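Pulled from Swiss-Prot:
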type	residues	note
BINDING	Asn9, Trp10, Lys11, Gly171, Ser204, Gly225, Gly226	substrate binding site
ACT_SITE	His96	active site, electrophile
ACT_SITE	Glu165	active site, proton acceptor
Amino acid sequence: MRKPVIAGNWKMHMTCAQAREYTAMFLPLIEATPNDRHVVIAPPFTAISSMAESVGGTRLELSSQNVHWEDDGAYTAEVSPTMLLEHQVRYAIVGHSEPRKYFSESDEQINRRARSAQAHGLIPIVCVGESDEQRERGEAERVIRRQVEQGLEDTDPDKLVVAYEPIWAIGTGKTCEASEANRICGLIRRWVGASELIIQYGGSVKPGNIDELMAMSDIDGVLVGGASLDPESFARIANYQTS
């Protein structure tokens, strides 16, 4: 049985003080959230420690926004799996379209990050998705399949999450039709050959479309950006209803 993962990616938002204030508002809103789903937030690295103090014993789980493949070393601006594990972090986002774009992260590097996360007991959330130009040229499926095959090489699909995030829908207000997102997620499941693989959709997810997205047969959660910055908005997403 695939247990959905509802994850909020705060990106470069929230100071430690703001994160504590958010958590105090958010936790009561998910006290009655059904146990058939995971609720996760990926704060900036600076806020992970303070949030870990607040979320222990609650429904809320923590993710990092990236993770390196080494335990330590001369890797300025990176964070290691062992550092994250000290702060109750359970998930690690890898391969998000922004590091791919701004820091030229390759599929090989993303795979190394994912394998390292798994080796340390973290659950990688491996992001894949096509740009608007690739979609217009009819290359979307080829691009996504390459990212999936190279990014997941030598990993255990039962201990990771794949997030399909069409780049053209991230932060643009454009949303991939639920049926099309479901079709792509189904393709990813078949390419990986793992019926229990958890596959999220990410791209302008908001309270107004969460119920439709989560009603799809191959969508097992969402990776939320802007809408996760408001506790009431993200709580509505976490408390989605499909019937």
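Placed from the backbone N, Cα and C atoms, the Cβ positions cover glycine too.
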Please list, in sequence order, every residue of the chain apart from Asn9, Trp10, Lys11, Gly171, Ser204, Gly225, Gly226 whose Cβ lies within 8 Å of the Cβ centroid of the substrate site.
Ile170, Val224, Ala227, Ser228, Leu229
Quick one: largest C-alpha distance among Asn9, Trp10, Lys11, Gly171, Ser204, Gly225, Gly226, binding substrate per the record, in angstrom?
14
About how far apart, in whole Å, are the alpha carbons (Cα) of Trp10 (substrate binding site) and His96 (active site, electrophile)?
12
For Trp10 (substrate binding site), which DSSP three-state class applies?
coil
Could you find out if DSSP has Gly171 (substrate binding site) as helix, strand or coil?
coil
Using other CB atoms within 10 angstroms as the count, which residue among the binding-site residues Gly171, Gly225, Gly226 scores least?
Gly171
